[in-house]
Amino acid sequence: MFPLVLSLFLGATSDIWPLAPAEAFQLPPCQLINQTVSLEKEGCPKCHPVETTICSGHCITKDPVIKIPFSNVYQHVCTYRDLHYKTFELPDCPPGVDPTVTYPVAQSCHCGRCAMDTSDCTFESLQPNFCMNDIPFYY
């Protein structure tokens, strides 16, 4: 019984914990990485891939043992510290459709609270190169 409790506590079984604690420290830290993202705009027929920098990586998080009612617990995520925006003109947009698209370029990253206005903090978000124009539309 004790080895089972110990393994559950330490996260040694992959059925309960996806990563053992020692493995979590081998994940890449929160840092800038180069990433291809797909730019698209309603009314324009194609997506256009561009290379940009994004924040990606692991942030150490903790969950309090004692839960205090009505208190907020914030998990840190890898997010932008500084960023600027670039503008790109999509090719092949029909007349009357503004072809300009603005996208963020990360300059530095940190582990902090998620800012929903600049980051996607969902559990599983769309991939950066996802393109709505690639999905067939059925009437």
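Cβ atoms here come from the backbone N, Cα and C positions, even for glycine.
Features reported for this protein in Swiss-Prot:
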type: SIGNAL; residues: 1-24; note: signal peptide
type: DISULFID; residues: CYS30-CYS78; note: disulfide bond
type: CARBOHYD; residues: ASN34; note: N-linked glycosylation site
type: DISULFID; residues: CYS44-CYS93; note: disulfide bond
type: DISULFID; residues: CYS47-CYS131; note: disulfide bond
type: DISULFID; residues: CYS55-CYS109; note: disulfide bond
type: DISULFID; residues: CYS59-CYS111; note: disulfide bond
type: DISULFID; residues: CYS114-CYS121; note: disulfide bond
(request) Cα within 10 Å of CYS111 (disulfide bond) is the criterion; apply it to the recorded positions CYS30, ASN34, CYS44, CYS78 and give the hits in sequence order. (result) CYS30, CYS78
(message) Most Cβ neighbours within 10 Å: which of the disulfide-bonded residues CYS93, CYS109, CYS114 is it?
(response) CYS109
(request) From the recorded positions ASN34, CYS55, CYS93, pick the residue whose C-alpha lies nearest to the C-alpha of CYS131 (disulfide bond). (result) CYS93
(message) Return only the integer: C-alpha distance in Å from CYS78 (disulfide bond) to the residue listed as 'N-linked glycosylation site'.
(response) 15
(message) Give me the CA-CA distance between CYS44 (disulfide bond) and ASN34 (N-linked glycosylation site), in Å, as a whole number.
(response) 26
(request) Would you pick out, from the disulfide-bonded residues CYS30, CYS47, CYS55, CYS78, CYS131, the residue whose Cβ has the largest number of other Cβ atoms within 10 Å? (result) CYS55
(message) Quick check for the class: what is the C-alpha distance, in angstrom and rounded, between the residue listed as 'N-linked glycosylation site' and CYS55 (disulfide bond)?
(response) 9
(request) Going by Cα-Cα distance, pick out whichever of the disulfide-bonded residues CYS30, CYS47, CYS59 is nearest to CYS93 (disulfide bond). (result) CYS47
(request) Using C-alpha positions only, work out which of the disulfide-bonded residues CYS30, CYS47, CYS114 is nearest to CYS55 (disulfide bond). (result) CYS30
(message) In whole Å, how far does the CA atom of CYS114 (disulfide bond) lie from that of CYS59 (disulfide bond)?
(response) 12
(request) Any same-chain residues 6+ apart from CYS59 (disulfide bond) with CB under 8 Å of its CB? Would you list them in sequence order, or say none? (result) CYS30, GLN75, HIS76, VAL77, CYS78, CYS111
